[in-house]
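The block underneath contains the structure these notes are about, expressed in structure tokens.
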Amino acid sequence: MTRGFPAGFLFGAATAAYQIEGAAHEDGRTDSIWDAFSRIPGTVVNAENGEVACDHYHRYTDDVALMKELGLGTYRFSTSWSRVRPDNGPVNPKGIDFYSRLVDELLSAGIKPWLTLYHWDLPQALEEKGGWVNRDTAELFRDYALSVHDALGDRVGVWTTLNEPWCSAFVGYTAGVHAPGRQSKTDGLAAGHHLLLGHGLAAQALRERDPALELGITLNLTVAKPVDPARPGDVDAARRIDGQLNRFFLDPLFRGSYPADLLDDVAHLGFTELVRDGDLAQISQPLDSFGVNYYNGSLVSDLPTGSAQLSHDPTNRVTSSPFPAADGVFNHPQGLPVTAMDWEVQPDGLRELLVRVGAEYTGPAGTDLYVTENGAAYDDVVATDGAVHDADRTLFLQLHLGAVLDAIDEGVDVKGYFYWSLMDNYEWAWGYQKRFGIVRVDYDTQERLVKDSGRAYAAIIAARSLPAAAEAALAK
Ligand code: GBH
């Protein structure tokens, strides 16, 4: 027996500007924080950067043709602030024209454009004025959002303000693993609040300008479990991770307040002084859509294990934990299979997360729920027959689509799923070493090759159901 997806369920794939576009110095684009960060020795594996990436800037018509071949109903991409408004100056006609042409190409292929305004690439000129730690950046983000809408609002219906503000704030400003590479608990907290504020300002302004748009935000969320539910230290560890990763963003957005326990945890870092009257009302704008990015869950304790890392540092620099108030919290392996990122494969965590988010946040708010990213890196090889037989990725995809169906069976109205990523690309501090695509990219020739997983996804999309083989795997 196969398992069908509900009518109207959207199937897509996702990318982000800096990870695929290349053309970093073309048509007026200037540096983002990722251009600057990747030049610092030791920050990125093999000192790789996004100067060329997948050369999507020049190959977007071919890439859209591939999307059409796969049968994608929607494509989630991001616009580069540094291309649209170099150094946050006036709008750059050539920069915005690229996105205009991309959108036209998508529309003529029958693919719904899903636009994200910010996927981690702040103009470096703004970082030099304090970046997201500077409250003014929130207002500048609103102005940039309106600039993009001025040019594309007539053709793009779905607008996501931010991708994973947790990563922007805490991996960028506290752990130092991502751009801009700062290692400060207070900077991460300030960045987190100002990103939320920027979201709220942009959301209100976009909505006033265009009441018909579908407006949302995307968060990376986890399922944090205590190693031993009977040990108070473990339970508190799980509470902290949930608070500092999930609820730090979910609660202000949907409930108009920061969680009390989180405020207690970070009080000694001066967090409350940052939050001004009216900020939370500004942040908690009504949302039409909400995106969950899910990769894995976490099992935590206040007792260390052999591998006591909360996050991975690709280049083995001295970096910090991304959690500002979780010193003494340790991640424990669950013994599940891992991807090439060493992330455990835990599809049931996606079901559990969707059920929780649906029940506690999006459901009561009447906000549509989507999985805007989910995917896996594997050490793909091109076989002698010229194909990539990535059975591990196909299984990953099927298991997670199965988890989405499980959540739907439990009554959560999940409206769509985006695989991360359409194609292999620049995996941030890991450079080109990690491949997440359902399409392989040969970085010497820029040739694209649909992997077996891409064919499997295309078949699922065409049938609008999971095949029987997937169900057998799911039953295991
Ligand atoms: C997404 O972020 C990004 O949006 C995308 O740009 C990126 O390419 C993609 O994922 C793949 O990385 O503590 O070691 O278990 C991913 C967000 C947050 C997911 C941290 C993994 C736990 C890592 N990540 N999380 S670990």
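Please read every residue number as a count from 1 along the shown chain.
Just so it is clear, glycine is given a Cβ too, placed from its N, Cα and C backbone atoms.
Quick look at what TrEMBL lists:
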ACT_SITE  Glu164  active site, proton donor
ACT_SITE  Glu373  active site, nucleophile
BINDING   Gln19, His119, Asn163, Tyr295, Trp420, Glu427, Trp428  substrate binding site
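Between the CA atoms of Gln19 (substrate binding site) and the residue listed as 'active site, proton donor' there is a gap of 15 Å, rounded to the nearest whole number. Glu164 (active site, proton donor) is 14 Å away from Trp420 (substrate binding site) when you measure Cα to Cα. The Cβ of Asn163 (substrate binding site) lies under 8 Å from the Cβ of Ala16, Ser78, Thr116, Tyr118, His119, Trp120, Thr218, Asn293, Thr372, each on the same chain and at least six residues away in sequence.
If you draw a 10 Å sphere around the CB of Glu164 (active site, proton donor), it holds 24 other CB atoms from the protein chains shown. Among the residues Gln19, His119, Asn163, Tyr295, Trp420, Glu427, Trp428 said to bind substrate, no two Cα atoms are farther apart than 18 Å. In this structure, the C-alpha atom of Trp428 (substrate binding site) lies 14 angstrom from that of Glu164 (active site, proton donor). Sitting within 8 Å of the Cβ centre of Gln19, His119, Asn163, Tyr295, Trp420, Glu427, Trp428, and not among those site residues for substrate, are the Cβ atoms of Ala16, Trp120, Glu164, Glu373, Ser421, Asn425, Phe436.
Rounded to a whole number, the C-alpha distance linking the residue listed as 'active site, nucleophile' with Tyr295 (substrate binding site) is 8 angstrom. With respect to their backbone Cα atoms, Glu427 (substrate binding site) and Glu164 (active site, proton donor) stand 15 Å from each other.
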